[in-house]
Amino acid sequence: MRLPFIKMHGLGNDFVILDGREIDLPSLDTAQIRALADRHRGIGFDQLIVLRPSDEADLAMRIHNADGGEVEACGNATRAVAVLHGQPASIATAGGTLRVRPGENMAEAAMGRARFDWQDIPLAYAMDTREMPLGWDMLERPSAVNVGNPHIVFFVDDARAVPLETLGPEIETDPLFPERINVNVAQILSRKAIRLRVWERGAGLTLACGTGACATATVAYRQGLVDAEVEVTLPGGTLTIRHDEEGGIHMAGPASEAFRGTFELDDYS
Ligand SMILES: N[C@@H](CCC[C@H](N)C(=O)O)C(=O)O
């Protein structure tokens, strides 16, 4: 079966989008997703995004990491889908329904509210998630937050000096996190600017993580380290994260289409 796909990215965090808004799509299994994600043997992507019609929203988006696992949220893909859809919309995801507003190669998204209870992250056992009495090598006393998906945030003096390629997978798979976790190392540059690097659960080091930016800005704002609106700069570029008075998180930043193509699903089975 030959399937059309759209390659898009947000700040270099890249996606293959299967657009089932108007055509029937088959369900892909974990092995097929992993094979397609392979940057040598497949098309290559950080996340596979599957769009379908929705009864309760304008469209539905399902998100799979490069390792094949299905996840609840992806900030950069949410903006990419907004650009593809081309008009303000509600998008149903496993983490809740999000509202988006596209612009020219950019989009704004209302990402909902953060949750901080240990059961909501989730953690394996009770702990104060604001300052966790834990450390992994040079990374200590993190905060945990769920912004649709689970994140741990470490504030460090120099985000670029952290060996995230070794510490990231160790923390992601720590038994403290029964659903694994996205790992953020953040450097506060000013009350309006954060530098961030992210080891993504199921995808590894990416050029940018939209939910990581939301999670980090939210934890920093809650701790009084930054203003309600802050610029978060990742290796792939900058997102603006704003907190409204009801605790809602709003994200704005670039997203664009790279190319379109087709692939033979049987080649990946
Ligand atoms: N790249 C994404 C996050 C994708 C999901 C994440 N790896 C997870 O497992 O929760 C973003 O832009 O938010």
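Glycine is treated like the rest: Cβ placed from N, Cα and C.
What TrEMBL says about a protein is an automatic prediction, not a curated fact.
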Open item on the list: Can you find which of Q47, Q87, Q223 TrEMBL lists as binding substrate at the same site as N13, N65, G75, N76, N149, N182, E200, R201, G210, T211?
Closed with: Q47
TODO: Sort R201 (substrate binding site) into helix, strand or coil using the DSSP assignment.
DONE: coil
Task: Protein Cβ atoms within 10 Å of R201 (substrate binding site), excluding its own - done: 25
- [ ] List nothing but the one residue from N13, N65, N76, N182, T211 whose Cβ has the fewest other Cβ atoms within 10 Å; the candidates are the binding-site residues.
- [x] N65
Task: Greatest C-beta neighbour count within 10 angstroms, which of the active-site residues C74, C209 - done: C209
Task: Where the record names N13, Q47, N65, G75, N76, N149, N182, E200, R201, G210, T211 as binding substrate, the maximum Cα to Cα distance in Å - done: 16
Open item on the list: For T211 (substrate binding site), which of the three DSSP-derived states applies: helix, strand, or coil?
Closed with: helix
